[in-house]
Amino acid sequence: MATSSRDNDEAEPQRGYWRWSKQDFLPEESFQSWNNYVSALSQTWLRFKDRLFSRSDDATETEELKKQSEHDMKRCLNWWDLIWFGFGAVIGAGIFVLTGQEAHDHAGAAIVLSYVASGFSAMLSVFCYTEFAVEVPSAGGSFAYLRVELGDFVAFITAGNILLESVIGSAAVARSWTSYFTNLLNRPKNSLRIKTNLKEGYNLLDPIASGVLVIASVITIISTRKTSFLNWIASAINTAVIIFVIIAGFLHADTSNLSPFLPYGAKGVFQAAAIIYFAYGGFDSIATMAEETKKPSRDIPIGLVGSMSMITVIYCLMALSLSMMQKYTEIDTGAAFSIAFQSVGMKWAKYVVAFGALKGMTTVLLVARLSQARYITHIARCHMIPPWFALVHPKTGTPINATLLITVASAIIAFFTGLDVLSSLISVSTLFVFMMISAALLVRRYYVRGVTPRENLVKLVMFLVVIIGSSIGISAFWGLNPNGWLGYTVAVPVWFLGTLGMSLFLNQQRVPRVWGVPFVPWLPSLSIATNVFLMGSLEYDAFIRFGVCTVVMLIYYFLFGLHATYDMAHQQQKLPSKVEHTETIKNEGP
């Protein structure tokens, strides 16, 4: 009877999904009373030093933290689903809008080279993401990878930035959805929005944009498998529209429109590449679906590398067809493909293009709801936000609470805020996170705790500083004097020597179990350089927004996230001794 009673005491009580107690939101000791919180704030610096270099591990991210969700997500996806999720996440309105804008303003007919350059940089990041997703198949994506290799603080700041940018980006895409829908109906620009007396930029209320976000979220909440099926259908239709655009464009091509090919020189090509890079954005969404993938080691490499390879080819062909239909000076910056088809006598094609763009934005929003909710789920598992958002529903196998959080935030922004305030999806945050993932991969390959000698760790840090510093130098020289050459004769060799030094003087401490990035350290180092280079090609405003987002994240981290994760980590450290004590009691008997 004693044993039975003990087992009953140790059994976890079954709790319903919908619950609202303080323990579900603030279970940490620091938040149990005001005095506790004040005491925690007084120890902020000590706690920060404790967590700054505290790193997670693969098992914690993939197994232990999943227990915080109480139920597992359903493994229902294969490589075919992931390829189409790649298409759905990446191919949106960007290709239809940004191509004409950048061809006209920066690259000219050489816009195809801009897509090649940005596609090459994106593929380098894809390789790094793929290795991490296979080795650490977690819903946390980049947040989980950075937690393992660079620690809590770096992971939160970088992932927090891209998450905040995703919320704003989703709102912007939803507002664009309304604009394209209005165009498809052949109605005046803001006729479907509600005009109010609010401040300029917030005075055109958009219930359609909010509604589209809510509908996309409801679909993703019901079932990941059903979401995959709907995404497959929508992406297939969008792909058919893109094939039509490419074929029709080449049938009406005039090669004389390709001359002059480089009207703005190489600088224009790379300026455009930095902007259109974001037409490739979204591929990291696939990495967040690792917990719902049947065979991550096989399906994720095929899904990520396969989809991005095909998308790069499609983008280049679309850009080339546009450049051959119209001279770059005549390309319309707002509706490039529609006006181009109109110029060759295919006025009806503008409706096909608008329909394709609308479908593309729909799938972008659909996949974004999935991936962003999973980011939120894993961040909540670490208690950086209330763990209530980590719960997975037992019937649907989806993180409903996390989805609601991300939906409410983006729907409110989309309802009130105009596109001119949201500006664009372009931000230094995405490139910064991709750069950090590449650096984290080098750390993963060359450093293993308890195995790597301290002198090798010092060398690794020195080589990383050299690689990142020289990459920043190359980007700075390009921004200050793109036609000069003296700065590159210093920065490029320094980057090369830093990478060569890592290759010659450090031995890799870890070999990927299944799939790994080839030519390490060269490809990750090149990924760092290209991402930093493209960051340097962005406008000043992008860095201002990045700084503001980072400051907001820092304030939140030091007031809440730091203390929650500190308490959780120290609570987990006490668990082994508790388990050992229990086992001793069982072995000794009554």
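Cβ atoms are placed via backbone N, Cα and C, with glycine included.
Under the heading domain 'Cationic amino acid transporter C-terminal', TrEMBL lists 515-564.
Taken from TrEMBL, the feature transmembrane segment covers 76-98 (among others). Counting same-chain residues at least six beyond the ends of the transmembrane segment (76-98), those with a Cβ under 8 angstroms from any Cβ of the stretch are 173, 176, 180, 224-225, 228, 231-232, 234-236, 238-239, 242, 275-276, 278-283, 285-286, 289, 292-295, 298-300, 302-304, 306-308, 310-311, 314-315, 318, 334, 336-337, 353, 356-357, 360-361, 363-364, 366-368, 370-371, 397, 425.
With a cut-off of 8 Å between Cβ atoms, the residues of this chain six or more beyond the transmembrane segment (110-132) that come close are 99, 102-103, 142, 145, 261-263, 268-270, 272-274, 276-277, 279-280, 283-284, 287, 300-301, 304-305, 308-309, 311-312, 315-316, 319-320, 322-323, 328, 434, 437-438, 440-441, 444, 512, 515-518, 523-524, 526-527, 530-531, 534. Look at TrEMBL and you will find 110-132 (among others) tagged as transmembrane segment.
According to TrEMBL, the transmembrane segment annotation covers 204-222 (among others).
Sequence annotations record features per position, and here TrEMBL assigns transmembrane segment to 229-250 (among others).
TrEMBL lists 270-290 (among others) with the feature transmembrane segment.
If you look up TrEMBL, you'll see 302-322 (among others) marked as transmembrane segment. Beyond the transmembrane segment (302-322), the same-chain residues lying 6 or more positions past its ends with a Cβ under 8 Å from any Cβ of the stretch are 79, 81-87, 90-91, 95, 99-100, 103, 111-112, 114-116, 119, 122-123, 126-127, 129-130, 133, 242, 245-246, 248-250, 253, 279-280, 283, 286-287, 331, 336-337, 340.
Annotation source TrEMBL lists transmembrane segment at 348-368 (among others).
Sequence-remote contacts of a segment are chain residues at least 6 beyond its ends whose Cβ falls under 8 Å from one of its Cβ atoms, and for the transmembrane segment (400-419) they are 17, 167-168, 170-172, 174-176, 179, 198, 201-207, 209-210, 213-214, 217, 220-221, 369, 372-374, 376-377, 380, 388-391, 393. Residues or ranges marked as transmembrane segment by TrEMBL: 400-419 (among others).
Residues or ranges marked as transmembrane segment by TrEMBL: 425-448 (among others). Counting same-chain residues at least six beyond the ends of the transmembrane segment (425-448), those with a Cβ under 8 angstroms from any Cβ of the stretch are 94, 124-125, 128-129, 131-132, 135, 142, 145-146, 148-150, 154, 158-159, 161-162, 164-165, 169, 172-173, 275, 277-278, 281, 284, 456-457, 460, 464, 468, 502, 506-510, 517, 520-521, 524-525, 527-528, 531-532, 534-535, 538, 542-543, 545-546, 549.
Sequence annotations record features per position, and here TrEMBL assigns transmembrane segment to 460-479 (among others).
Sequence-distant neighbours of the transmembrane segment (485-507) (same chain, 6+ residues past either end, Cβ-Cβ under 8 Å): 442, 446, 456, 459-460, 463, 466-467, 469-471, 473-474, 476-477, 521-522, 525, 529. If you look up TrEMBL, you'll see 485-507 (among others) marked as transmembrane segment.
Outside the transmembrane segment (542-566), and at least 6 residues removed from its termini, the chain residues within Cβ reach (under 8 Å) are 28, 30-31, 37, 40-41, 44, 47-48, 50-51, 152-153, 156-157, 160-161, 164-165, 382-385, 426-429, 432. According to TrEMBL, the transmembrane segment annotation covers 542-566 (among others).
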Number of helical, extended and coil residues in the domain 'Cationic amino acid transporter C-terminal' (515-564), per DSSP: 40 helix, 0 strand, 10 coil
Recorded stretch that, among 204-222, 229-250, 348-368, 460-479, has the most CB pairs under 8 Å to the transmembrane segment (270-290): 348-368
Distant-in-sequence neighbours of the transmembrane segment (348-368), which means Cβ under 8 A and at least six residues beyond its ends: 85, 87-93, 95-97, 166, 169-170, 173-174, 176-177, 180-181, 183-184, 212-213, 216, 219-220, 227, 230-231, 234-235, 237-238, 241-242, 244-245, 248, 282, 285, 335, 337-339, 341-342
